[in-house]
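Engineer: For HIS19, the entry in Swiss-Prot reads active site, proton acceptor. The tRNA binding site annotation in Swiss-Prot covers TYR14, PHE64, ASN66, ASN112, and the record cites sequence analysis as its basis. The feature site 'Discriminates between blocked and unblocked aminoacyl-tRNA' is assigned by Swiss-Prot to ASN9. The site 'Stabilizes the basic form of H active site to accept a proton' annotation in Swiss-Prot covers ASP91.
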Amino acid sequence: MKMIVGLGNPGSKYAKTKHNIGFMVIDQLCEKYNVTLNKHDFEAEYGSFKYEGETVLLVKPLTFMNDSGRSVGPLMSYYQVGIDELLVIQDDMDLTMGKLRLRQKGSAGGHNGIKSIIAHTKSQTFKRLKIGIQHPQKSTVVNWVLTPFDKDGAPVINQAIDQACEAIDDWCQNDDFMKTMNKFN
């Protein structure tokens with residue numbers, strides 16, 4: 001079983017903000033695979049589909065970004081998902097707008113949602129799919145991540161979401177994250 005977690009903040013107020021790029025990817029995967037996030041336990045909404053016989057959980061933690069691990073850890077335990085089968089989709093200010101970067105493991109890199117997942121899983125060895133939102137030029141970090149993409153950024157991000165879904169499909173299909181990294185990084 002694979003578990004794909006998109007990071008974001010719950011509520012319509014945050015729906016189109018940069019920090020919610022993980023939720024946006026999950027939404028597109030739900031559309032592609034006809035999944036409804038109809039389960040509401042573990043402070044998350046989630047659903048599943050079968051990919052060539054393997055169950056894939058799509059998860060949106062509802063704890064707000066900085067407490068995402070409070071949802072992810074218990075879900076992993078309940079469904080007996082190994083740390084090697086967890087993929088977390090996150091925004092990354094150190095990457096240019098729309099750039100994808102896949103990683104096998106790593107530190108939180110200043111991302112509080114990732115920091116929370118590391119704390120609750122007691123591991124840094126889970127997979128990441130990072131999508132660049134670039135660093136703010138003039139605004140503060142909080143204002144930057146909690147504002148929507150502008151008219152120039154929106155098409156770039158829509159393309160990045162498509163690429164992220166392709167990368168996830170690739171990983172589900174070949175079950176070799178290193179191959180997927182080499183293809184999409």
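Note that Cβ sites are derived from N, Cα and C of the backbone, with glycine treated the same way.
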Engineer: Compute the centroid of the Cβ atoms of TYR14, PHE64, ASN66, ASN112, then list the same-chain residues not in that set whose Cβ lies within 8 Å of it, in sequence order, for the tRNA site.
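Structural biologist: My list of surrounding residues reads ASN9, HIS19, THR63, MET65, ASP67, SER68, GLY113.
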Engineer: Cα of HIS19 (active site, proton acceptor) to Cα of ASN66 (tRNA binding site): how many Å, rounded?
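Structural biologist: Here the two Cα atoms lie 11 Å apart.
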Engineer: If H, G and I count as helix, E and B as strand, and all else as coil, what does DSSP give for ASP91 (site 'Stabilizes the basic form of H active site to accept a proton')?
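Structural biologist: Going by the DSSP assignment, ASP91 (site 'Stabilizes the basic form of H active site to accept a proton') falls within a strand, counted as strand.
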Engineer: Please give me the CB contact count at 10 A for TYR14 (tRNA binding site), counting all chains in the structure.
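Structural biologist: Total other Cβ atoms inside 10 Å, all chains included: 18.
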Engineer: Could you work out which of the recorded positions (ASN9, HIS19, PHE64, ASP91, ASN112) has its C-beta surrounded by the smallest number of other C-beta atoms within 10 A?
Structural biologist: ASN112
Engineer: Rounded to a whole number, how many Å is the Cα of PHE64 (tRNA binding site) away from the Cα of ASN9 (site 'Discriminates between blocked and unblocked aminoacyl-tRNA')?
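Structural biologist: Rounded to a whole number, the Cα-Cα distance is 5 Å.
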Engineer: If you measure TYR14 (tRNA binding site) to ASP91 (site 'Stabilizes the basic form of H active site to accept a proton') at Cα, how many Å is it?
Structural biologist: 14
Engineer: How long is the line from the C-alpha of ASN112 (tRNA binding site) to the C-alpha of ASP91 (site 'Stabilizes the basic form of H active site to accept a proton'), rounded to the nearest angstrom?
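Structural biologist: Just about 11 Å between their Cα atoms.
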Engineer: Rounded to an integer, what is the Cα-Cα distance in Å between ASN9 (site 'Discriminates between blocked and unblocked aminoacyl-tRNA') and ASN66 (tRNA binding site)?
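Structural biologist: On Cα coordinates alone, these residues lie 9 Å apart.
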Engineer: Take the Cβ of ASN66 (tRNA binding site) and count every other Cβ within 10 Å, whichever protein chain it belongs to.
Structural biologist: 14
Engineer: What kind of secondary structure is PHE64 (tRNA binding site) part of, going by DSSP in three states?
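Structural biologist: Going by the DSSP assignment, PHE64 (tRNA binding site) belongs to neither helix nor strand, so it counts as coil.
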